[in-house]
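Listed features, source TrEMBL:
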type     : residues : note
DOMAIN   : 113-289  : domain 'Cytochrome b561 bacterial/Ni-hydrogenase'
SIGNAL   : 1-18     : signal peptide
TRANSMEM : 73-95    : transmembrane segment
TRANSMEM : 116-141  : transmembrane segment
TRANSMEM : 168-186  : transmembrane segment
TRANSMEM : 221-245  : transmembrane segment
TRANSMEM : 257-276  : transmembrane segment
Amino acid sequence: MMIMIVFAVMTLLDPAFAQRQPDPINPTRESVNEPALLEHSPSIKGRITILDSKAALVEQPQGREWRRFHEGWMPWIGAAVPGAMILLLAVFFLIKGRIRTQPNELSGRKIARYNAFERFTHWMTATCFVILALSGLNYIFGKRLLMPIIGPEAFSALSQWSKYAHNFLAWPFIVGVLLMGAVWIGDNVPNRVDWAWLKAGGGLFTNSHPNAGRFNAGQKLVFWFAIIGGLVMAASGMTLLFPFTVTGVNGMQITQALHAIVGVLFITVMLAHIYIGTVGEEGAFEGMASGEVDLAWAEANHNLWLREQQGKEGTVSRTLKSEPAE
Ligand code: HEM
């Protein structure tokens, strides 16, 4: 009260006095200097008494950077990188067509290439991957592309289910990647034959068939990408699935960006893999579907592996009745 009377008297005597005084309604204003506080620490935190210490975070400017990446850069990266691969594959297909083992070359005799466990592991991982990829792309593009077409109700129902699918199918996918790693690592160790295969461009541009073991250098690259990429996706995904357990909000922004970028690269590499395993090359799909391939296909694509297998007894499994054998 006394202060207010002094203040009123001083203002009467000297009208400029009031303007020189700090605003009496906001006495703490001068102490909250945002840029100065942020110079000393990456975020502004308060002091709280509730158990959830996260609630003490008042301001975290890196969030703005992350939002710029998430809403600005990410959709462009997500469209451009797989889009460029689709274009490349389309051009390749138009120029080269389907790589065929000539019908007159087919021997009609089969050799076992993948056992039931290998095929189960591969298709479990592949099925999970396709659903994870589609539901992942929905995080980036759904709001922009799907919602205007199907409407907000349908989009929110779809997104809810796709989120459940993403969260739950991550587990069999991780198991699949680990199993695939365990089963095939022995056949994917790089060697000198791979270097020669790469130098020959896999024979893709010369219509030749460079030497190759069970997996050629291109397949080995796919294998290592799947294993390393799968582990990065698993680790970064876990930090998002269990928020604040391993890292705080800043760390989660970084792992989210990593998850999204590696995810988009993973999809891009797998587009090439799926292309070559289906329309790109005749005979490849048959191996992963039935477990057996024609001897002529094996000779053309994996000659060193075929020699090795022929050295082992009983691997050339059967002769097709409809086709003459040799
Ligand atoms: C619908 C999707 C897929 C299709 C149609 C497909 C098709 C195939 C085929 C036909 C093969 C046998 C190639 C050969 O014997 O020479 C194969 C092998 C393989 N697949 Fe897939 N695949 C798919 C998805 C995936 C995914 C998602 C992964 C990994 C996460 C994967 C990893 C592998 C690996 C490591 C091999 C052995 C090495 C290689 O051939 O590259 N595949 N796949």
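A Cβ is built for glycine as well, from the same backbone N, Cα and C atoms used for every other residue.
Predicted automatically and left uncurated, TrEMBL annotations should be read as such.
Quantities reported herein were computed from a predicted structural model and do not represent experimental measurements.
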Beyond the flanks of the transmembrane segment (73-95) by at least 6 residues, Cβ under 8 Å: 137, 140-141, 144, 257, 260-261, 264-265, 267-268, 271-272, 275, 279-280
Any contact, the transmembrane segment (257-276) to the transmembrane segment (168-186), with at least 3 Cβ pairs under 8 A: no
Chain residues in Cβ proximity to the transmembrane segment (168-186) (below 8 Å; excluding those fewer than six residues from its ends, i.e. six or more beyond): 117-118, 121-122, 124-125, 128-129, 131-132, 215, 223, 226-227, 230-231, 234, 237, 241
